[in-house]
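Features as listed in Swiss-Prot:
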- C292: active site, for beta-ketoacyl synthase activity (ACT_SITE)
- H432: active site, for beta-ketoacyl synthase activity (ACT_SITE)
- H468: active site, for beta-ketoacyl synthase activity (ACT_SITE)
- 129-539: domain 'Ketosynthase family 3 (KS3)' (DOMAIN)
- 1-103: transit peptide (TRANSIT)
Amino acid sequence: MVGASSSYASPLCTWFVAACMSVSHGGGDSRQAVALQSGGRSRRRRQLSKCSVASGSASIQALVTSCLDFGPCTHYNNNNALSSLFGSNSVSLNRNQRRLNRAASSGGAMAVMEMEKEAAVNKKPPTEQRRVVVTGMGVETSLGHDPHTFYENLLQGNSGISQIENFDCSEFPTRIAGEIKSFSTEGWVAPKLSKRMDKFMLYLLTAGKKALADGGVTDEVMAEFDKTKCGVLIGSAMGGMKVFYDAIEALRISYKKMNPFCVPFATTNMGSAMLAMDLGWMGPNYSISTACATSNFCILNSANHIIKGEADVMLCGGSDAVIIPIGLGGFVACRALSQRNNDPTKASRPWDTNRDGFVMGEGAGVLLLEELEHAKKRGATIYAEFLGGSFTCDAYHMTEPHPDGAGVILCIERALASAGISKEQINYINAHATSTHAGDIKEYQALAHCFGQNPELKVNSTKSMIGHLLGAAGAVEAVATVQAIRTGWVHPNINLENPDSGVDTKLLVGPKKERLDIKAALSNSFGFGGHNSSIIFAPYK
């Protein structure tokens with residue numbers, strides 16, 4: 001894992017070197033300056049005159065150092081020429097050797113992170129910066145269809161994991177999930193659309209409109225909004241898999257049997273688009289898909305749109321509905337799922353040695369984010385303030401976390417810097433913790449690295465009760481985080497009976513809910529591809 005400057009500098013150096021070499025000609029040890037076009041400015045001429053290219057790696061190093069003075073870039077593009085940008089020089093290395101090489105470079109990544117920590121002085125954002133607050137929430141989950149019911153079930157330690165009933169899964173080794181048993185779009189989505197849309201879109205539209213209702217945004221209130229500054233950013237990891245699956249089945253008979261809406265209703269962006277069309281909102285509108293980190297990416301980007309003045313109001317979050325044959329089969333093929341079919345409520349077990357995989361869930365979570373003065377002007381109830389967040393990439397493996405937790409640590413450190421708070425101010429963390437050995441342990445180690453022995457800190461995993469909602473996980477867990485701030489109660493970790501070795505259980509919430517006066521709360525979400533995200537909420541003051 002490298003710092004931000006390296007992540008931008010390395011590709012830039014590659015192209016700059018290629019460009020300079022293409023216009024220069026070298027032989028032996030001679031040096032020739034890059035020629036300028038006849039119309040070039042004198043300042044550019046002086047700058048580019050530094051970019052001399054000679055044969056051998058030393059000249060390339062000089063070029064990188066003189067033209068693009070990025071510390072991490074010169075560190076990773078050293079005398080071994082440019083092959084380090086793309087991988088090992090040896091083509092004979094097998095997969096395991098290549099992965100070991102990547103892990104071996106983690107020391108460099110950690111060094112860059114230390115540089116980041118030294119540079120990131122905790123500073124409060126300028127007073128003139130627009131503040132972002134949460135004024136509404138909507139959910140569709142296996143534990144409830146509104147934030148209050150959902151969180152009350154979490155506080156009671158109730159599990160939403162059960163036998164799958166939506167289709168016959170008797171031939172699958174996994175037959176359990178966090179399936180939503182009773183779902184209705186009545187009053188939220190037109191019946192005609194309900195019959196045609198994928199369930200992920202129905203969850204999204206329903207949760208989005210419920211967030212507006214929860215925020216007191218009636219038709220009369222919305223009439224006062226500047227709709228060019230109202231946006232929707234609700235993502236999905238998998239999109240309309242059921243619509244696509246049904247289209248394939250229809251195509252086996254004839255293309256004439258296919259749903260004419262199968263293409264638009266399968267894309268991940270169409271949910272946000274349909275909600276904006278329904279509301280007439282003309283501000284930022286798109287979707288993000290970063291696997292299980294999707295929701296946090298959407299929430300942070302939405303907040304940034306508000307901070308930059310591009311929007312006053314944003315509906316943001318995530319939605320996924322993949323408890324269907326192709327979705328279940330895909331994760332079974334990955335050997336990622338729990339097979340505790342005879343005791344489904346005990347299947348999701350973050351930080352417990354008796355885990356045997358994660359449990360799929362489904363649903364949607366949507367936050368109504370609003371610029372503070374906009375919210376105050378209309379008399380909105382403010383649930384919490386959004387302080388900041390961060391994204392990073394492990395750049396290591398498709399599904400496994402970085403062995404040093406470098407990407408997660410860097411993400412948390414940057415989130416704290418973005419929020420302008422110290423690590424001591426965080427006393428609640430809603431962890432990603434999916435009930436997989438590698439993921440649970442690496443996240444715990446990253447938290448221990450970042451926060452040390454803070455006796456006030458409490459950590460829990462919402463997934464212990466609802467399973468993993470994939471692209472919707474972060475948003476639903478953000479709702480749980482905001483509810484913890486509002487109520488002063490944090491929900492338990494269920495099924496934590498035999499903690500992993502090295503895990504300090506004093507850090508983790510026990511089997512019962514606990515009272516906690518939250519100063520600031522961190523919510524983590526990580527996704528396949530090494531996507532890391534951390535967002536921070538606090539009580540509004």
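Each residue, glycine too, has its Cβ placed from N, Cα and C.
Values in this document were obtained by computation on a predicted structure and should not be read as measured data.
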Distance from H468 (active site, for beta-ketoacyl synthase activity) back to C292 (active site, for beta-ketoacyl synthase activity), taken between C-alpha atoms, in Å: 8
Fewest Cβ neighbours within 10 Å, where candidates are the active-site residues H432, H468: H468
For H432 (active site, for beta-ketoacyl synthase activity): DSSP state (helix, strand, coil): coil
Segment confidence, the domain 'Ketosynthase family 3 (KS3)' (129-539), expressed as mean pLDDT: 97
H468 (active site, for beta-ketoacyl synthase activity) - helix vs strand vs coil (DSSP): strand
Integer Cα-Cα distance in angstrom, H432 (active site, for beta-ketoacyl synthase activity) to H468 (active site, for beta-ketoacyl synthase activity): 9
